[in-house]
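Here is what TrEMBL says about this protein:
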ACT_SITE  ASP11  active site, nucleophile
BINDING   ASP11, ASP13, GLU172, ASP173  Mg(2+) binding site
BINDING   11-13, TRP27, 46-51, SER54, LYS79, 117-121, LYS148  substrate binding site
ACT_SITE  ASP13  active site, proton donor/acceptor
Amino acid sequence: MGKQIKAFIFDLDGVITDTAEYHYLAWKQLAEDMGISFDRDFNEQLKGVRRMDSLKHILTLNPKLSFSKEELEALATRKNEHYITLIKDMTPNDILPGIRKLIEEIKKHELQLALGSASKNARIVLERLQLLNSFDYIVDAAKVEHGKPHPETFLTGAEGLGVSPLNCVGVEDAKAGVDAIKAAGMFAVGIGSKEHLAKADYIVETTRELQFVNIMAEVTK
Ligand SMILES: O=P(O)(O)OC[C@H]1O[C@@H](O)[C@H](O)[C@@H](O)[C@@H]1O
Ligand SMILES: [Mg+2]
């Protein structure tokens, strides 16, 4: 018998809006300034990963480079400045196809909705998209100690909503995120390729295919 679903917990970047692309471009700009190049395949390992952890991962590409703690902070700040420039003109038109409809269906069925994001910019982005009020609870980088793939982000979301993780569906575009959802004991919807999101319980290629009825059918299988 399938589970009873009471809540959805959405990742932000790459799920609600295409800020995953802006994170990629901002990291690429910073990395190129340091003579490091990386491609979209390597970028899959950065998706869902916190700012400083992402920077440290990029720096493994050139082990000859070494930075003090202060220098690392300055580099992470510079990346964020590139990112802030890229998101400055975002509007509700930047909500990815299918997301608004899915949120409407979640509300119509009287389920709860939380955000589970690794980003310190999560509230700014939701504000630009005029979606802040659509969420019953928001988990961002400030609320948790451990980044994804640790389950804390999703467990904190469930706790904030007052529901058991077993009654939650998590929605993610990142491998680290899907791993976090599964470690939290939730049903995982992955957006992207099977190759990157192998652990997801149900995978769609793009947000356009995120249909409430199809997700519920998969959950109750
Ligand atoms: O630098 P920020 O806005 O705090 O974001 C941290 C991380 O947030 C995640 O949502 C993104 O997938 C990562 O790419 C990003 O590094
Ligand atoms: Mg994401």
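Using the three backbone atoms N, Cα and C, a Cβ is placed for every residue, glycine included.
Heads up, TrEMBL stuff is auto-annotated, nobody curated it.
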Practice item. Indicate whether ASP13 (Mg(2+) binding site) is helix, strand or coil by DSSP. Key: strand
**Study point:** Cβ-Cβ distance under 8 Å to TRP27 (substrate binding site), same chain, at least six residues away
**Key:** PHE38, ASN43, LEU46, SER54, ILE58, LYS79
**Study point:** Cα-proximity to SER117 (substrate binding site), 10 Å cut-off, over recorded positions ASP11, ASP13, ASP173
**Key:** ASP11, ASP13
Revision key, fill the gap. If you measure between the CA atoms of ARG51 (substrate binding site) and GLU172 (Mg(2+) binding site) and round to the nearest Å, you get 18
Point to revise | Spatially closest candidate among ASP11, GLY48, LYS120, the listed recorded positions, to GLU172 (Mg(2+) binding site) (Cα to Cα) | key: ASP11
Exercise for review: Would you mind checking how many other C-beta atoms are within 10 angstroms of the C-beta on the residue listed as 'active site, nucleophile'?
Suggested key: 31
